[in-house]
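**Q** This is the structure, below, for whatever I ask next.
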Amino acid sequence: MIPFSRGVRLVVTLELEQRVRGIAVYVLLGLFTLLVAITTVLLWRVDEGSGSGGFLFSTIVYFVLLLGTLLAPALSGAAVNGDRDAGTLATTQVTLVSTTQIVLGKFLASWFTSLAFLVVSLPFLIVSFALGGVPARTVVASLLVLLAELAVVSAVGVGLSAIITRPLFSVAATYLVVAALSVGTLIAFGLGGAAVQTEVRSTSVYIDPETYPEDGSTEAPTCLPPEVYTYQAPRFDLVWGVLAANPYVVLADAGSGEFDASGYPNDLFGQVALLVRGAQVPPETEITYNECEDFTGGYSGEDTATAEETWNSTTPSWFVGLAAHVLIGAGLLWWGIARTRTPAGRLPRGQRIA
């Protein structure tokens, strides 16, 4: 048995050499660079007057995460069972490299390949940072979370490729996991909020139009009887935790927190995170509108909280979602190692030995 780090390094080297041998990777990188360049130019033209690169930076990072989660399953979803079908996995397993080293090496190679898309986007990220308005904390936090999320997707793909016999099914299962976290959480959030509702009582008091005070008149107007009606409001505050598992929400919640002079977020991270933070606030069950008050009309309740006040009064959730993602990726890798370890006591139906 060779040292652990050396064995992992050998597998990573072999995997990367096989991946860069073909032209497909370079075509994907070229297309990705072109898409990021077009997106950067368009966003810069739209946001040119602001003189800030916050919105541009956050959008590029989101774009890298989007394409990374679309491509990583294809790069990792057949890493183990693809070699098994080709008859090369057993050849590697009879060497001094252990099963753990093989699976972890394939995971690292898949992760490094997905990071190539981040590397080619660095010039555009540097340009957006140079425009100003991007705090160093946002840069560090967003890039670290991006690295972690790409690692999780790679771990899920490699783990499922070791668990599932057929490469096509493992790639499809990886895409399903990514879709469940990215889109499924949004669907569950919407359905959950609609299923759990509460009654809201709205009271409105209006001035009789015939007695409305004229200019300069101090005569009190005649108020009409209160109009009371009720309706059902969704309770998103009870199901907002589902969104903590969404990778885009994790990235936004970790990378945001900067506001402009009016208390509004100055990048896409802040806008997405503010929507999630706002979902934590329960709806008001008593709403009153009194037009007679002070003869001026207006809302008799409390003033609406600003975006920054809502942010400060709610709970961050990015670390919970990121921890859940890491547990999913690590758990699938562990299961994949257990399924690939030799000698196997019992092979799944249809799985070849060599």
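Heads up, the Cβ atoms here are built off N, Cα and C, so glycines get one too.
Summarising the annotation, TrEMBL assigns transmembrane segment to 23-44, 56-80, 111-134, 140-163, 175-196, 318-337.
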**Q** With Cβ-Cβ distances below 8 Å as the criterion, list the same-chain residues six or more beyond the ends of the transmembrane segment (140-163) that contact it, or say none.
**A** 57-58, 61, 64-65, 68-69, 72-73, 75-82, 103, 106-107, 110-111, 114-115, 118, 170-171, 173-174, 177-178, 247, 250-251, 254-255, 269, 318, 322, 325-326, 328-337, 339-340
**Q** Quick one: find which recorded stretch in 23-44, 56-80, 111-134 has the most Cβ pairs under 8 Å with the transmembrane segment (175-196).
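**A** That would be 56-80.
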**Q** Short question: which residues 6 or more past the ends of the transmembrane segment (111-134) have a Cβ under 8 Å from it?
**A** 12, 16, 19, 25, 29, 32-33, 36-37, 40, 50-54, 56-57, 60-61, 63-64, 67-68, 71-72, 75-76, 143, 146-147, 150-151, 153-155, 266-267
**Q** Against which stretches of its own chain does the transmembrane segment (23-44) lie, if we need a Cβ under 8 Å and a gap of at least six residues from its ends?
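**A** Hits for the transmembrane segment (23-44): 55-56, 59-60, 63-64, 67, 71, 113, 116-117, 120-121, 124, 127-128.
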**Q** For the transmembrane segment (56-80), could you work out the same-chain residues 6 or more beyond its ends whose Cβ comes under 8 Å from its Cβ atoms?
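**A** Answer is 15, 19, 28, 32, 35-36, 39-40, 43-44, 47, 89, 102-103, 106-107, 109-110, 113-114, 117-118, 121, 124-125, 127-129, 131, 134, 138-139, 142-143, 146, 149-150, 153-154, 156-158, 160-162, 167, 170-175, 178, 182, 247-248, 251-252, 255, 267-269, 336, 340.
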